[in-house]
Amino acid sequence: MQAQVSTSMKKILLVLNCILLSIGNCGGPLIMRLYFIHGGKKIWFSSWLTTGGWPIIIIPLLIAYFHRRSSTTTTKLFFMKPRLFIYTAVVGLLTGLDDYLYSYGVARLPVSTSALIIATQLAFTAGFAFLLVKQKFTSYSINAVILLTVGAAVLALHTSSDRPKGESNKEYILGFMLTLVAAALYGFVLPLIEWTYIKANQAITYTLVMEIQLVMCFFATLLCTVGMLVNNDFQAIPREAREFELGETNYYVVVVWSAIIWQCFFMGAVGVIFCASSLLSGIIIAVLLPVTEGLAVIFYHEKFGGEKGVALGLSAWGFVSYFYGEIKHSKKKSDETPETEMAADTTVVNDHA
């Protein structure tokens, strides 16, 4: 159940969250890869950083709270009810697992390759959105799913073409497979968040969305913290910082900015779901693929071979197909609305007569 939000405010929030999602989606993989290529080796620590910046959300929540207090003294500090808290905690634990799978993939694959694999997330998001929130499919969205899947298959057939130096074929393939699993899992998480909004049994406001982000990232970080404790990552961080190729100070700069940029991603994702749908959130993540690809080639001088070109072309075709279908559906819906309203008005007139 969503609270009533004005159309203009919802558009503003949608634009804001699209910007946050874009920053996180493009910057997150790049800064994570920067950590690994210059000496970072801790997978659990890297996955911890993707949600470890959750305390940042406390700042806007406190601002919202004191703003409410200025007009009334009886306002709640938190709006989240126990039922929603439990749902969000489960989503957070799944997110923490996904963080680990994704971090492992980024540690083993070039950014351009991992980004193309993550593009298949749209297919999984569409499928789970259909199952969980009854998302309607068209021939265009089905076509997009097929093209994205074929694109990933093309990459899978050329697994050795861009393997980093010193990495075995077995490690590369494992990284490829775990990244694909991460795409599938997050493709499930996005519709699950939308389902959580529907089943929350309370009005969903943007303040509550920020609370959901806070709880979700807290539990994801908690899971990754357990992994770090088991793996003794906390003791290894000072040594890893001293041995970092860019210097000890820059190591901590990378760590801090990684946490901040990934918070932009998660806040943007849950915000877009609130303003629109989980499917749109998945689409934006997928559409930014060429940007991430280009930045990886520019900053890390990654190879962009023929198979990546084919995969990118198929992905672009899939995106265009999906958007074309959405435009046609919106146009059809707007054409049908006046007729529906006219029929309703006629019924009312006849009833009065």
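Cβ coordinates come from backbone N, Cα and C, glycine included.
According to TrEMBL:
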TRANSMEM  12-37  transmembrane segment
TRANSMEM  43-63  transmembrane segment
TRANSMEM  84-102  transmembrane segment
TRANSMEM  114-133  transmembrane segment
TRANSMEM  140-160  transmembrane segment
TRANSMEM  172-193  transmembrane segment
TRANSMEM  205-230  transmembrane segment
TRANSMEM  250-272  transmembrane segment
TRANSMEM  279-300  transmembrane segment
TRANSMEM  306-324  transmembrane segment
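Between the transmembrane segment (172-193) and the stretches 84-102, 114-133, 205-230, 250-272, 279-300, Cβ pairs under 8 Å are most numerous for 114-133. Taking every recorded stretch in 12-37, 43-63, 250-272, 279-300, 306-324 and counting its Cβ pairs under 8 Å to the transmembrane segment (205-230), the highest total belongs to 43-63.
When Cβ-Cβ distances below 8 Å are used as the criterion, the transmembrane segment (12-37) is approached by residues 5, 46, 49-50, 103, 106-107, 110-111, 114-115, 206, 254-255, 257-258, 261-269, 271-272, 274-276, 281, 284-285, 288, 291-292, 295-296, 299-300 of the same chain, each at least six residues removed from its ends.
Residues 28, 32, 35-36, 92, 95-96, 99-100, 102-104, 106-107, 207, 210-211, 213-214, 216-218, 220-221, 224-225, 227-228, 231, 233, 237, 255, 258-260, 262-263, 265-267 of the same chain, all 6+ positions outside the transmembrane segment (43-63), place their C-beta atoms under 8 angstroms from a C-beta of that stretch.
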